[in-house]
Each structure stands twice: as C-alpha cells, then as structure tokens.
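Copied from Swiss-Prot, the annotated features are:
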BINDING   His34, Val35, Arg36, Thr44, His100, Arg101, Lys116, Lys123, Lys124, Glu125  substrate binding site
Amino acid sequence: MKQFEIVTQPIETEQYRDFTINERQGAVVVFTGHVREWTKGIRTQHLEYEAYIPMAEKKLAQIGKEIEEKWPGTITTIVHRIGPLQISDIAVLIAVSSPHRKAAYAANEYAIERIKEIVPIWKKEIWEDGAEWQGHQKGTYNEAKKGKAR
C-alpha cells in the first residue's frame, strides 16, 4: 500500500486515510468517488478503468506535491482503482489532512480536478445499449472555472 497508487482491488478507505493522520493535523477531508447508475439520463451498467500505471502514479504524487506547495502543512493520499467497477464501487479516494479544515477542503477539490486534467486514466462507460471510452485529461487547472459543469 502506497500513498499515491493505482489499484485493482476495492479501496479500503480507513487504511488510506490513516496515511494523512498525525498529531499536527486538525482536519482530514476524505472524498470518495463512486460509480453512479445514471449519467445524463443514461443508465450505466458498469465502468472499466484503464491507466498507464507508472505515469499515473507519478502524476498522483505530483498532485500531492502541488497541494503541499499551495497549502503548506497538508498531507495527501490519492488512490484510483482500475479494472471493472460495479455501481456504487469506489473509483477514487482522496484524503487530505491539514492543521485547519479550510485548506483540507480546498486541497481535496483541487486534487480531483487535477486528476481529471493530468493523470493518464481512461474509463469505458458501459450502458444498456452501448459503450464509450472517456478520457479525463482536460488541460491546466483553472481556479476561475471551478464549479462550472464540464
């Protein structure tokens, strides 16, 4: 188990969260992204994720370093699952701790946006009537676009 990794087995939230806990941290924000059944009115049967693992893990660690630079004192753990995932399975876990909650919340949101922008992970959405590969890389994180639908 590593602080930044790609896995094929179900993600155990508490084990990864514990990477971020120490006596200096007053807040831990944990985000788990799950496979949802409905997307834009289309029913999903399951998802299949693929990644270029060596590069993906390097990019996850890069995001952790970026967070540490933007919010000093934070500790980040990021784990993404690949392979077939069923409805409600955890696809991604991001845990960020900091001395105070505001930085932990902001850094956690930053992490998920950066994953979508720079980490070489692709998902295949399998629906009742077809399937389609989706890429996540969207370019450089832009604080001004935060909160806008993609």
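Yeah, the Cβs are placed from backbone N, Cα and C, and that goes for glycine too.
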Entry from the binding-site residues list His34, Arg36, Lys116, Lys124 having the most other CB atoms no farther than 10 A: Lys116
For His100 (substrate binding site), nearby residues of its own chain (Cβ under 8 Å, 6 or more apart in sequence): Gly26, Ala27
